[in-house]
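Working notes, structure below.
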Amino acid sequence: MSALRLRKPGDQVMFDQEQWSVISKTHQRRWRKAFKAICFTRALVSLSKKVIDKNGPLLRTLSYVAIDMQPAAAEDSSPGKSVSFPNVDPKILSDMVREKNIDYLNHFGGVNQLVLVLESDVKHGINGSDADVIRRRNFFGANKYQKPPPKSFLSFVIEALKDTTIIILLACAVLSLVFGIKEDGWKDGWYDGGSIIVAVILVVAVSAVSNFKQSKQFDKLSTKRSDIRVEVVRDGRRQPISIFEIVVGDIVCLKIGDQIPADGLFLEGHSLMVDESSMTGESDHVEIHETICPFLLSGTKVTDGIGVMLVTSVGMHTLWGEMMSSINGGSNEETPLQERLNKLTSYIGKVGLAVAAIVLAVLLIRYFTGNTKDDRGNKEFNGSKTKSDDVLNAVVKIVAAAVTIIVVAIPEGLPLAVTLTLAFSMKRMMDDQAMVRKLSACETMGSATTICTDKTGTLTLNKMKVTEFWLGKEAVKDDGTSLDMEGNVLKLLQQAVGLNTTGTIYKQHSASEPEISGSPTEKAILSWAFFNLDSNIEEVKKNNKIIHVEIFNSVKKRSGVLVKSNSENKIHTHWKGAAEMILTSCSSYYNKAGMLKVMDAEERQQLETIIKNMAAKSLRCIAFAYKEKGEESGLVLENNLEENGLTLLGIIGLKDPCREGVRRAVESCKAAGVNIKMITGDNVHTARAIAIESGILNADGDLDNEAVLEGVEFRNYSTEERMEKVNKIRVMARSSPLDKLLMVQCLKQKGHVVAVTGDGTNDAPALKEADIGLSMGIQGTEVAKESSDIVILDDNFESVVTVLKWGRCVYNNIQKFIQFQLTVNVAALVINFVAAVSSGKIPLTTVQLLWVNLIMDTLGALALATEKPSNDLLAKRPVGRSEPLITRIMWRNLIAQALYQITILLVLQFKGRSIFGVDEKVNNTLIFNTFVFCQVFNEFNARKLEKKNIFTGLLQNKLFLAIIGITIVLQSIMVEILKRFANTVRLDWGQWGVCIGLAALSWPIAWVVKCIPVHAS
């Protein structure tokens, strides 16, 4: 099989010379060994005959002959190639599933024969030892695809260098360098141009490092998103493993909503339907059948039914792997906030460009009209007497200054701040059990006005336990249940549980504890059957043959199975589902004595009361019912399950307690102006009880009919009625996924920003329709996760509230940074413009402006955009869809600080020398130092937009304190050590005190300004 390739029907068998040579040599060796063995055996026989004919003594020989026959494959295997599976070619397996070639499969002898070829087992899977898994991975490959190489650090540097203003600055720096060296020589002439080059390199390096780190962070989160859990059977045990650990030969269990983890073949199951649109583009779902179409493609989704598959190809041997390896994993997604900030940046940039153009024109006019003087007091331009090199050098300096004003004016730190805060929040949210799939969800969640949440697993623990069992109208105690009922009822209940389930029980040996797998509901029922009914699930399955299965339906709220007994000529229909719905289909029931009784209207009413009372205790009520019929002519004529005239076997109540902190979380949401609506499939009594327990409903107030209703009622309302009542609804019970979708659509039409939780495949439309889709990480299907924006990893409602808090934090952090940066932009533009127009000189040099740009863009973004969320954020109302990005409160703070900075710096510019009795160089250093320290103190003001106490929670933000410390240290070095580089002079202690004192006045000014009442928007 390894030498001969399988061929398609109609193809001729073609071998090249090399293949014929290998085949010929192999056969020759085998024939020689066989010939030697035959000759040797004949010689022994001939010799023994001679001895016997002569009646002589028998020769003493060995009792057997051993011939060492090495497999031919081992001799011919290429170096490094494993021969673990000599009869399997991975390429043939890959082509078979990819091309859906049934003839290839028939060459292997069918699916079951291929299971044996791959050394697996339909029931027990592979043995699962480390050695076996490694052997399979080495031979068939790992279930991973080759990702395109990530962007290198150099590419981020090149991107930063492509900025037009940076290119102009570098060109000016080079010209300044050339003129300086030509005029003053290498020793002193390189300072002006060299300083600008160093400053530009520093800005580019910091920007590239920041973007590179964020890119790495997004790649890491992308890998985490693709690591899904898959259920496999290994060594007879059903267990969840990572999709990356799947190997060829694995037996994988599939259910609705699962992503098929690798290429493979269908082994067994019921009603399995697959959505192959991601691979083929066809929207019609494909029905999988063991004889007609058993092929399952990696990356496709299970839309209906259950099944078990054999993995035949993994990773790069699948079409999905090839497709994914060609897709660049980098995220180019631009969030709505980033789009708004880009527009703001563009607008401010145009203003900065206009100011720079005016400054450029004024400075050039003043220079060429002889109104500027050098350090000696002489005119810089004297017509033809001035050297051309001096003119060019002066013009280059003027252009560099104008370009630097543009650099400072354009707040390119705004998009960087968004990227930083999103990356920071995504990483922290992962620690808080929330994985972000779409960046825009981070900021949108901060605007959420309504959260539509599931009950099971989100508000409750999803740890179910059977606490009540009713046989007819009598309750049966938990202890010794099997002894309190008749054998015929016990047998039927064991069948009802063991055959109508998607869960399994694995018991390694008699003394070990059973390992029960399945959904929480299935696990609770199986555990009850195992311990209380003494049920042996495997034995029950052996004694009965399953003919047809109806998977749990979210509309009918039930699942059913049609079975035939191996020992009796009978067929049973078993149903399991919502108690009140099963009850409507029943016409009889068993009592505790095992007697079959007809169910009249009065008894039906009594049973409904029992269900209602159980539900009022927050119990999920599930009923078992069956119907028996004889087999006609030994054949099953139809697979339809009987739905009427059923016999009620029993009702169980499952307790799923509320999560400990859920009431506190619900109250936090209400305080934050966010409405909570519970949408559940449970009956109205259970839903109401849980809603009261979790705080969604008030026990006194919200118990009218408008606050609690069933999905069918909401569905049957007219459009006007729905729009009128949707705000009043708190709980919707017995709802279908379409009811949830309808609710979301109505809320959005009313102007709400809606967040929705969901875990099922059918929840996908509602998750997509919502402004923020929140899927469940534990119980959620892969289809639900892919339709969502954020995955709640622990299925906990408290984590939903944490996401809400982070969403508000992202928005708040961006607003803080906008206020801080625009203050710098306004102050820098006004100071340079006024100084240039009035005196012809700019107080801040190119290098100094670039340093300020670095402080406010990168360091400022790091300091303000990484603030952690506080509980104060939940005391505010949600931010509306049309809420302006820059609020009136921000304008109040921004204008006050900018006016103060402009005032003191212009006073220093025009009166500083006379006030402090210093020369121009010292005065310019004072202006530069004061300006920088104003930004340092203003960073503290920006931490709290509304609160007067700007120091709240300061010690918790160590990064902020570190950046403030770094900024102060670097500024001290710029002034005291790098004098030539920064064009500064050393200041004495008094002058340092003046700079810091003037800057520190921004704190009391901010406090006074915040006393001025301003409407939020």
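Here the Cβ of each residue, glycine as well, is placed from N, Cα and C on the backbone.
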Per TrEMBL, the range holding transmembrane segment, considering 849-868, 889-908: 849-868
Other parts of the chain folded back onto the transmembrane segment (989-1009), taken as Cβ under 8 Å at six or more residues beyond its ends: 892-893, 896-897, 900-901, 904, 916, 918, 922, 926, 929-930, 933-934, 936-938, 940-941, 948, 950
Most Cβ pairs under 8 Å with the transmembrane segment (817-837), selected from 160-181, 347-368, 849-868: 347-368
Helix, strand and coil residues within the domain 'Cation-transporting P-type ATPase N-terminal' (107-181) as assigned by DSSP: 46 helix, 2 strand, 27 coil
Same-chain residue ranges lying at least 6 outside the transmembrane segment (849-868) that approach it to Cβ under 8 Å: 169, 196, 199-200, 202-203, 206-207, 210, 404-405, 407-408, 411-413, 416-418, 420-421, 424, 428, 809, 812-814, 816-817, 820-821, 824, 828, 931-932, 935-936, 939, 942-943, 956-957, 959-960, 963-964, 966-967, 974, 982
Cβ-Cβ under 8 Å with the transmembrane segment (959-977): same-chain residues at least 6 beyond its ends: 851, 855, 859, 862-864, 866-867, 925, 928-929, 932-933, 936, 939, 943, 984, 986-987
Across the domain 'Cation-transporting P-type ATPase N-terminal' (107-181), average pLDDT on the 0 to 100 scale: 84
